[in-house]
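Q: Dropping the structure in here first, questions after.
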Amino acid sequence: MLPLLTAIGLLSAGGLVALVLGRKPRAAGTVAATACVAAAGVALPAVLAALAGGSPESLVLPWATIPGGAFHLVLDPLAAFFLVLVLVIPAVVAVPLADYLAATEPDRSHGLFWLAYTLLAAAMMVVVLAANVLLFLVAWEVMSITAYVLVVFRDDRPEVRVAGWSFLAATHLGTAFLLPMFLILARGGPLEFDVLSAKGLPTALVDTVFLLAVSGFGVKAGVIPFHVWLPTSYAAAPGPVPAVLSGVMSKLGLYGLLRVLTMLGPPPVWWAWVLIGLGLLSGVLGILNALVQRDLKTLLAYSSVENIGVILLGLGTGLLGLSASPDRGGVALEALGFGGVMLHILSHAICKSALFLGAGAVERLAGHTEIDRLGGLLKVAPVVGTTFVVASAGLCGLPPLCGFSSEFLIFLTAFEEEARLSSVAMLPPLAVVGGLAFVGGLACYAFAKAAGLTFLGTTRGPSVPPQRLGWTASAIFIALAIGCLSLGLAAPVVVGQLAPTIAVATRLPAPVVTAALPEVTGPLGGVTTTSTILLGILLLLVVVRKALLAGRVVATAVTWDCGYARPAASMQYTGSSFAEPAASVLGGGAGYSREVPSEMPYFPSEPPVRTDAVDPVKAVIYRPLFNALRATLARGRILQLGRVHVYVLYITLTLLGLVVWVLGVKG
């Protein structure tokens, strides 16, 4: 446990030093980035040892001032799995983030930002390691507040302030669900995770705990309908910051849900149906909303919602296996489902970190992330563009990349479930298969828009001069692209190494899970072997082509341009026109609207067709709800007279009422 405490200390100390150096952006960023990298280097060996199935480590230090509280940390394989993300991704993001802030915000003080960044990483470590309810909730709140500071760094912009308030409101809504959940589990007893259990609770209370956990942790993960804070916050956060928010922080919502599920005992089958339903809702609405977005970071944010939905589909199919009896293959189904979940968490963390780092580079190059004004950036930043395309293909589930391997396991689990079940019970796995196929197709469409219109063609706005990335930033982008490919090709090995993690998450003995894993790695190994062979053939063809063209003159010319004498950038597709065929049919799920005037001039000075997209959950649920709440609270303004003596009267009457109540109780 000492390496982990050292890492937390390094992060905290690095943040404090960066705070002192706040007026020197380059120095502050360098110190904070160094602290993140050093913390990862110190803690990763111990974390990887625990991930491989080492004995759990624990540390208990009492809090004399907080009843029931204890600084109780436990490192087990499930915590170690998420700690890998917590340690690696903030360290990877910190280096390009320091360059980005120094270049784009040289006049601001960066001290508070970097203090918040390092404390966010430290708080996420404690969230994963915490084995006491009070410690967990304190770390959860510190994580949320420091993330808020990162989101509102540019608080001189109105949209950033709105995003910050939305983030805070959602955070406290999630905590409001978690508090009663833990109170029910504790039942007035110890607040240690290892003694929290639903054993002995009435079924209705166990079901209530499950629903509270799904709601509370679902807010942080960005599950629809609790996602409305996420797109605005990711778009408002500076540059590459959403890589940490999406790649790590949202995953801790999933960690919390998995950890609480280990306390609840065998799940009834309807829990799996709930998770599958939320997964379908998040996946379908998330990718539909992504498709119609005009802003690159907002598109990626809705894609994060979609991928959380995919993970919930895997978790739901895994719980279906858990609810099945072992003689019907329940253990193998759990291993399949939870293996897909863990692999997709890794895949999404790597790919989305690469994509948000790419979006930050685009914002730095072009000064904005509006897709309709971008284009041709592959020529300007080839490393960024290539990595963005590879990561996009990975999230689309294209072989041989990582997203394909993880979604393949979820597909396989659903097919196995469907083969073992009958009648109405077959519907959830069939819905998983159909939903994954639908979401995967639309994901290809959305990322063709994001990658193609941003990096291909010619720029639709002011030209951007070519810029060379530093060697460190280039190495990070290349490493992430290689990670997307390597995780896909090595998926059978990775899933095999995750047996201890799956065992903790499913509450099954590790030897039982290990024995069931060949049913997972066998089919997956065949797929990855085929993918490796096809990739080798492709590389061989590239080498042969280069050899055949060696020594020859190769002319480069534009593609056929329909015979236009003077082609212009304005003739290219925009994001809206590219998405129009699908949006016109499916856009209702994304609040898509198209406005065409009844009469148009022959030579319009402005685009005559206008399109818009408003999140339907926000429009149908939250906006009417908050409008009604605002109207109700407005009636209470009569009490705000602005006179001190009236407020003193309110206090006096309140105290008198309390005295009467206390006397009445004692009497």
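Start at 1 and count along the chain as shown; that gives each residue its number.
Cβ coordinates are placed from backbone N, Cα and C, and glycine is handled just like the others.
Take a look at what TrEMBL says about it:
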TRANSMEM  32-52  transmembrane segment
TRANSMEM  81-100  transmembrane segment
TRANSMEM  112-131  transmembrane segment
DOMAIN    130-421  domain 'NADH:quinone oxidoreductase/Mrp antiporter transmembrane'
TRANSMEM  137-153  transmembrane segment
TRANSMEM  165-188  transmembrane segment
TRANSMEM  208-229  transmembrane segment
TRANSMEM  270-292  transmembrane segment
TRANSMEM  299-321  transmembrane segment
TRANSMEM  341-362  transmembrane segment
TRANSMEM  383-406  transmembrane segment
TRANSMEM  426-448  transmembrane segment
TRANSMEM  644-664  transmembrane segment
Q: Which listed stretch (112-131, 137-153, 341-362, 426-448, 644-664) has the most C-beta pairs under 8 A with the transmembrane segment (270-292)?
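A: Out of the listed stretches, 426-448 contacts the transmembrane segment (270-292) most.
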Q: With Cβ-Cβ distances below 8 Å as the criterion, list the same-chain residues six or more beyond the ends of the transmembrane segment (137-153) that contact it, or say none.
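A: For the transmembrane segment (137-153), the list is 105, 108, 112-113, 116-117, 119-120, 123-124, 126-127, 130, 160-161, 163-164, 167-168, 171, 175, 178-179, 182, 233, 236-238, 241, 244-245, 249, 252.
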Q: If you count Cβ pairs under 8 Å, which stretch among 32-52, 112-131, 383-406 touches the transmembrane segment (299-321) the most?
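A: The stretch I would name here is 383-406.
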Q: Near the transmembrane segment (32-52), which residues from the same chain, at least 6 beyond its ends, have a CB less than 8 A from one of its CBs?
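A: Beyond its ends, the transmembrane segment (32-52) has Cβ neighbours at 1, 3-4, 6-8, 10-11, 13-15, 17-18, 75-77, 79-81, 83-84, 87-88, 90-91, 94-95, 97-98, 114, 117-118, 121, 125, 497-498, 500-501.
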Q: Determine which recorded stretch among 81-100, 341-362, 426-448 has the most C-beta pairs below 8 angstroms with the transmembrane segment (112-131).
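A: By the under-8 Å Cβ criterion, the transmembrane segment (112-131) pairs most with 81-100.
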